[in-house]
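Below, the features straight out of TrEMBL:
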type: TRANSMEM; residues: B:113-133; note: transmembrane segment
type: TRANSMEM; residues: B:175-194; note: transmembrane segment
type: TRANSMEM; residues: B:201-218; note: transmembrane segment
type: TRANSMEM; residues: B:238-258; note: transmembrane segment
type: TRANSMEM; residues: B:270-290; note: transmembrane segment
type: TRANSMEM; residues: B:302-325; note: transmembrane segment
type: REGION; residues: B:336-361; note: region 'Disordered'
type: COMPBIAS; residues: B:339-352; note: compositional bias 'Polar residues'
């Protein structure tokens with residue numbers, strides 16, 4: 001296949017059903033907040049459990065239970081700081097609390113959910129990803145003890161930049177990737193409630209076939225036009241509509257925005273049966289160049305009407 | 001029929017699939033999705049039907065020239081359903097025994113990284129011990145490595161006879177589990193970059209060796225107590241450090257000893273091979289921590305500690321050599337014991353991905 005890969009952060013996965021679907025990859029700026037949340041939660045777990053142990057211990061006999069609580073706290077610290085990520089990712093389908101909060105998920109590079117072994121590998125190797133560590137004393141705080149070090153995470157960043165799936169070393173070794181896991185999806189197909197749009201669409205020649213890239217352009221245009229001012233819409237649409245106006249033999253003063261919208265309507269929304277909607281006072285209008293001497297001017301560009309609103 | 005009405009028609013099914021996904025995501029079952037047709041086996045059948053339908057819709061979306069955002073939506077819907085249909089197989093605690101007593105020793109026995117790491121660690125350890133001991137021939141070596149204050153601390157720590165109490169033992173065992181196993185895991189993780197792992201291994205070997213050599217000098221106080229303390233847990237702990245470095249090195253060697261795979265696949269294979277070794281090392285660290293917490297600081301006579309050290313060395317040898325030897329016949333019916341479970345695993349996934357490629361083109 002000679003289709004050039006898109007320059008964006010999606011990755012295609014082929015399922016056993018022989019369907020290729022795209023995942024959106026999560027980059028460092030999505031993953032860092034998730035990690036920070038996880039760090040906070042890890043500390044919260046440790047502190048809460050230790051305080052609970054201290055309270056129960058002091059109610060019973062602190063003298064006797066004290067060392068057990070100390071040992072328990074150390075073992076808890078060990079277990080939570082090393083195995084928090086692996087456990088959560090295994091049992092919650094590739095998500096930790098931080099990942100859940102930021103809407104990302106770890107999956108296998110083949111699109112399947114992560115397994116325990118892979119989760120363990122990618123979480124243990126985080127240490128290597130955070131290298132090289134810079135001592136705090138080298139960053140201005142001269143009197144800080146050398147034990148205080150900051151992980152610079154350069155290894156992780158470089159590895160994410162240079163891999164196609166934005167994987168860090170742990171992901172590479174485990175064969176996993178982190179994807180964006182959108183949970184609120186809408187199904188947008190713009191509704192057209194301007195009578196001028198079907199009116200104009202009915203004049204587009206029936207033998208005109210919208211090409212695939214044109215269909216895509218139209219859909220994107222229809223999605224985005226709400227964010228643009230009328231003048232800007234015309235400016236953008238003009239580049240596409242000038243050849244179209246010539247081809248359809250329309251009048252030159254047709255609103256380019258309206259023409260784009262009509263094409264969109266014809267491509268995605270119009271019924272094939274050819275029945276014209278009720279056009280009201282637009283019924284006798286024609287945009288064709290040969291009818292230019294007719295009096296109607298409703299569709300001309302100099303009238304600042306938006307197709308979303310019926311003309312008054 | 002226009003696109004909008006096609007979408008409206010299909011959308012009912014997509015919404016149903018979405019609600020089934022919701023139910024699967026929160027509970028792992030389809031029962032909560034609403035209708036009676038979503039309970040039990042029926043629900044699963046319905047889910048897979050809807051999923052296949054959505055897959056077909058996605059495949060047709062291009063031909064229908066659906067709007068791009070609808071295609072995006074379908075991509076996400078299919079991905080979501082796919083993730084629920086092929087859920088993770090989780091850690092089976094019952095397989096851990098198999099990993100620890102079957103996979104790990106064979107891996108260790110066959111793995112050249114274990115040999116390299118062990119020779120490096122114990123070689124440097126012995127060398128540093130000798131250089132730290134022999135003040136005449138290597139004057140100032142111990143001082144240069146550990147520093148004056150560190151050596152004094154070490155001496156003063158072992159001035160008193162070993163005589164711990166229960167609370168001391170318990171908290172120390174917890175400390176060692178946290179600290180030493182953490183060092184081992186760090187050593188393993190940095191193995192993927194090879195050099196930090198070798199550095200950590202060599203550093204630990206030299207410092208431990210110098211401490212041993214220094215304390216063995218006849219003019220140093222507390223030498224007896226020191227050896228009383230370290231004898232019992234020494235075999236487990238030192239082996240565990242070497243072993244976790246070996247697991248890390250196995251990981252790093254995957255970068256360049258690819259065995260015909262591409263680098264990333266080779267790395268993945270060696271990571272899966274390294275996990276059992278690391279599991280064995282972590283177990284040894286925990287055993288060492290309990291020994292170090294409870295037996296080493298106790299005032300028991302030296303003979304008990306020495307006996308434990310000999311016993312644990314014997315256990316390690318048995319584990320490495322007897323369990324690890326690639327015996328030709330096993331009831332499992334495996335043909336090549338070496339790396340068997342791991343290579344089969346990676347081969348299988350390799351074939352699967354290959355299959356994908358051929359289907360896709």
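Note: Cβ is positioned from N, Cα and C throughout, glycine not excepted.
Distances, neighbours, how buried they are, the whole picture for these features please.
Beyond its flanks by at least six residues, the transmembrane segment (B:113-133) meets 141-142, 145, 198, 201-202, 204-214, 216-217, 238-239, 241-243, 245-247, 249-250, 253, 277 of its own chain at Cβ-Cβ distances under 8 Å.
Sequence-distant contacts of the transmembrane segment (B:201-218), counting only residues of its own chain at least 6 positions beyond either end whose CB sits under 8 Å from a CB of the stretch, comprise 117, 120-135, 141-142, 145-146, 151, 154-155, 158, 183, 187, 226-227, 230, 238, 241-242, 245.
Here the transmembrane segment (B:302-325) has Cβ contacts under 8 Å with residues 101-102, 105-110, 228, 231-232, 234-236, 239, 280, 284, 287, 291, 295-296 of the same chain, all six or more residues outside its ends.
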